[in-house]
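J.: Let me give you the structure first, and then I'll get to my questions.
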Amino acid sequence: MHGSIIVDDFNIYAYFLFIRTVEIHDRVSGASCNNITYMSEYTKAKYRASIINFMCYAFAVSAIYLPLVAYMLTPMDRVLFTMYKLNWQAWRLSMLINMTPGILAIIFFSTLPESAKFLLSIGQDERAYQTINRLYKSKRKQDLTSVGITGVTDPNSPSNLEDNRNCCVKIWRGTAPLFRQPLVGNFLICTTILCGFLFVGSAISLWFMELRQLMGSRRMTVCDMLQNNATSIVKAERICPSKTSNFIDSVVLGATFLGCSIAVSLFLLCMRHFQILFMFTTLATICGLSLNMLVDTVPILVATALFTTLCTSCIPLISSVLLDLMPTHIRGMAISMGFLFARISVILANILMGFCMVPYCLLTFNLFVLITLVVAILSCTLPKS
């Protein structure tokens, strides 16, 4: 992944840069999904939701870190130096700075062991023993044989895992149980909720930046702003918004996301998962409905920011619920499949926003509100234990 970023820094062709960017995003999203599953295997069940939610603070921090870096580099928007016939501008330096957290992650990942619980669940008892022995040595300064333990096994692990002959068979056997009883019901409910969160959160967060640039001194609702802009853009050339304001707006949105994530952690101390999901999605629905009537700038910005961040901050929570409901040996597949469908919903949301938001603003916008309401209702159907 970081090799790709380094290649992009020396790239001079726009289409090649676009292809590499798509490739990097694919790899990052896959790694982030697997990281959630990995963390769950080393966490007690009662602390799992809190730990996963805390880990996902990184998404909110990155939403603040990236625009801050760009904001600091804005005065350097010129050719800094020339090397190998390449003009090094601020955006190349920004990419190198943004690599730093990823490089640290690679170093940390290289020191982490595989989950012993997962290895036991797939029948690899010897590798599981080596992992446990390594962890025991790091803590007790002696191996397991000194306390009479020479091996580990899990009698409840599936017996047909060793019959997998190739990759396609393994993928099929890892995926098929998700669509069969008794797992299919909970899997589909959690996946639908996850799709709803990403459908609303991704589209509205992108639209938040556009909405911020459309705001003027006139008191108008959200749809009035969009329609007014659509008619005026034909008469006059649109002025490019200030980069500084874009960065500041992104920081505000990231800070709101971080605040909602911290609120989830606090509520986990005294509330159950489905109660938090219902409360946050209900508040998001109220914020979405209020945008049909609000005409002042500050209330519109607050309601829009809360509408998207109340949904996105619940993604770690519903992911932990999905992990709790799945057997160990298919948790990774369940998370991957759930986020696969969720990514498809993101594509559909962006297409919907692009083609329908201006000509059918009221209908399209309230569709997002309706989906949030449906997610709130579905959260009440989750298992209560």
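Numbering starts at 1 and runs along the chain as it is shown here.
The backbone N, Cα and C atoms fix where each Cβ goes, glycine too.
According to TrEMBL, the protein carries these features:
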{"type": "TRANSMEM", "residues": "54-73", "note": "transmembrane segment"}
{"type": "TRANSMEM", "residues": "93-112", "note": "transmembrane segment"}
{"type": "TRANSMEM", "residues": "183-209", "note": "transmembrane segment"}
{"type": "TRANSMEM", "residues": "251-269", "note": "transmembrane segment"}
{"type": "TRANSMEM", "residues": "276-294", "note": "transmembrane segment"}
{"type": "TRANSMEM", "residues": "300-323", "note": "transmembrane segment"}
{"type": "TRANSMEM", "residues": "330-351", "note": "transmembrane segment"}
{"type": "TRANSMEM", "residues": "357-382", "note": "transmembrane segment"}
J.: Between 54-73, 183-209, 300-323, 330-351, who has the most Cβ pairs under 8 Å to the transmembrane segment (276-294)?
T.: 300-323
J.: Mark yes when the transmembrane segment (54-73) and the transmembrane segment (183-209) have three or more Cβ pairs under 8 Å (sequence separation 6 or more) and no when they do not.
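T.: Counting Cβ pairs under 8 Å, fewer than 3, so no.
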J.: Which residues, given as numbers and ranges, are at least 6 beyond the ends of the transmembrane segment (300-323) yet have a Cβ under 8 Å from it?
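T.: Hits for the transmembrane segment (300-323): 36-37, 40, 48-49, 52-53, 55-56, 60, 186-187, 190-191, 193-194, 196-198, 200-202, 204-205, 207-208, 211-212, 215, 222, 252-253, 256-257, 259-261, 263-264, 268, 273-274, 276-277, 280-281, 283-284, 287-288, 290-291, 294, 331, 334-335, 338, 372, 375, 382.
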